[in-house]
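Chemist: Below you will find the structure I want to go over with you.
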Amino acid sequence: MKVYKFPSVRTGPMTESYTYYSPTPKTLLMTQEPCVLGVDEAGRGPVLGPMCFGVTYCAISKYEKLIDLEYKDSKKLNEKTRESLLQRMITNQDDIGWGVHCLSPQDISALTVRDNINLNKQSHSSTIKLIREIINTKVNVEKIYVDTVGSPEKYQNLLQAQFPQQTIVVEKAADDKFPIVSAASICAKITRDHILRDWSFIETDLNDPDLYDYGSGYPNEKTKRWLKRNVYPHHLGFYPSIVRWHWKPARQILYDKGLISFDQIDNCTWPGLEDTNDTTNHSTSNKMKRSNKDIENIWWTSARKPFNYALEMPLVVSHHMRNQNVNKENLIRSIYFNRSSFFT
């Protein structure tokens, strides 16, 4: 059985985030007919694979056609129906345009930890990027519908400030209320599902005979078993690149396996970032009494000094300390001044 190849799914390893846009419908450019646009996302919760954002747009006069085709929230449609609806969008490219922006697992983790940009902010930025680039093609976008991320009111105010000429509607469950958002949801979900299903591992020495038996990537028992089988100690992130290595289930497995140790790095500081006001007692006896939750709060919260880059430092230092005979202070200084090279 031939598998349909969707143009939004890149071939080969996903080593970086990327964006795909379908050809802009020429009739929309020629007629400048007012258009409606929708945005939705897929893959917020999984520990494996990318997070994808879909955008669709069409003339307001054609909007009824989407309603007639019964575009619905992608989660309420089976795979065959979703793919059939996206194929219709592709074949009807004179009436509807669409696109996706896919954040790679590594970028999601790096943005969250290294740059202190949480997932909501990443979603906001990706949505703004998609909308802006469609508007920049000179399509006459009049109305924009978006499924909310966080507070609908705050998100709507943010988007309205970015796009003051358009009418913005941000609502919960917008993918179930507005067919243009439902269509965007379908674009995002199909793209993510196909990327995950056909993932190209850049790591060449993984020995798991069931390497592709990771399911949907959500942190269920099947996925957790896969993570345990595929801890990758000689890689700085400890996992293959398909993993969002800062997700709690992934971190917990590293704790349980002893690959990262609180005691190894608790008293390390970065040059110039020492917190002279921090009077916390870091004695060994106190460290041994801390619960996993206490350790997590200290390690993984960027506001707690000295670890402003809360994930990079523990993982990289711990990894090198376990595998190389190096001076810890010199290693930390080297990582601090050259940290970007560890995550390129």
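Counting begins at 1 with the first residue displayed.
Placed from the backbone N, Cα and C atoms, the Cβ positions cover glycine too.
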Chemist: Pick from Asp115, Asp147, Asp176: which one does TrEMBL list with Asp40, Glu41 for the same divalent metal cation site?
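Modeler: Checking Asp115, Asp147, Asp176 against TrEMBL: the divalent metal cation site match is Asp147.
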Chemist: What three-state secondary structure does DSSP assign to Asp147 (divalent metal cation binding site)?
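Modeler: SS state of Asp147 (divalent metal cation binding site) = strand.
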Chemist: Out of Asp40, Glu41, Asp147, give me whichever of these binding-site residues has the highest number of other Cβ atoms within 10 Å.
Modeler: Asp40
Chemist: Considering every residue in the domain 'RNase H type-2' (34-259), what is the mean pLDDT value?
Modeler: 91
Chemist: Within the same chain, and leaving aside Asp40, Glu41, Asp147, name every residue whose CB is within 8 angstroms of the centroid of the CB atoms belonging to the recorded divalent metal cation site, in sequence order.
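Modeler: The surrounding set, listed in chain order, is Val39, Ala42, Phe53, Gly54, Val146, Val149, Ala174, Asp175, Val181, Ala184, Ser185, Ala188.
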